[in-house]
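**Student:** My structure is below; once you've seen it, I'll send some questions.
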């Protein structure tokens, strides 16, 4: 069947509606003919189902592929993903999110699409705002959002991305006590033996320096400070104000306040939050801890990121793969105005 390449579309005559759309759901009817996207046309051309003409010249697959790449950004990436999904047996249609994918055993007209797919090269930076907006758009119409990443060898990795509202089960985020502590070089120590034991065993804060004294991280210290649990002094005995503590902590960690915002949000929502350093993340997070002697496996790994953050996909891939390999969810805590919004990213199979 002969077709015409026009701009970023391939136009076919009336008979194509019956041959391609009504049987395979390729393209969309327009007027009396059929309009195919470039990836759909390339797929059909590769299988010898149609011929494509440009200004009187018939295009072979190579020439058409080159022309399509000139006319549509990321064409080759989209074709790789489209071809993969079609060969898996899915009905796939182009959409604003790159593709919409129908459930197995279904097709357009029988049921609604189930998945929105966004295509990305491993080399491209991915703004978190773009990802958030895309996920929310999908979830608003009850769709699953899939990020399809094409690596330099044209292999595909699929990630499910969704919003999350983590909820913990700790009823007492901080014990009702008051005690003194000292800000040393890059951590804080609480000195009172009873208070240290209570914070450690009931609140699951810090790590005991010895049988009587408790070491606290900077985010733990500011959280307890903000709740009036500890009074923090410098090494000469001067009491810190809240702002002075933040200023000093920020000299030690440039992103301290962003990290603290995520920590506070997680603690306030009933979680136990500990360092995620061994996993290469900001935090490991527990929904419930009943005893310091029997700490369960953490449910989440969390990285705090700013609203203008751009993912390097190789780094994101490593974080997600590690989290999934140890049966944890990888959450990204996005600081947005005064709120924290979470993205849950996990590898998935199509």
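Backbone N, Cα and C define each Cβ position, glycine as well.
Just so it is clear, the model here is predicted, and its values are computed rather than measured.
What Swiss-Prot lists as active site is 286, 297, 328.
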**Student:** Just to verify a number: CA distance, residue 328 (active site) to residue 297 (active site), in angstrom, no decimals.
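**Tutor:** About 9 Å separates the two Cα atoms.
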**Student:** With Cβ-Cβ distance below 8 Å and at least 6 positions apart along the chain, what are the contacts of residue 297 (active site)? List them in sequence order.
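**Tutor:** Those within reach of residue 297 (active site), by Cβ under 8 Å and sequence separation of 6 or more, are 326, 327, 328.
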**Student:** Taking 10 A as the limit, how many CB atoms besides its own sit near the CB of residue 328 (active site)?
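**Tutor:** So the number of other Cβ atoms within 10 Å of residue 328 (active site) is 21.
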**Student:** Under a criterion of Cβ-Cβ distance under 8 Å and sequence separation of at least 6, what residues of the same chain contact residue 286 (active site)?
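**Tutor:** In sequence order, 168, 204, 271, 272, 273, 274, 295, 296, 298, 299 meet the Cβ cut-off.
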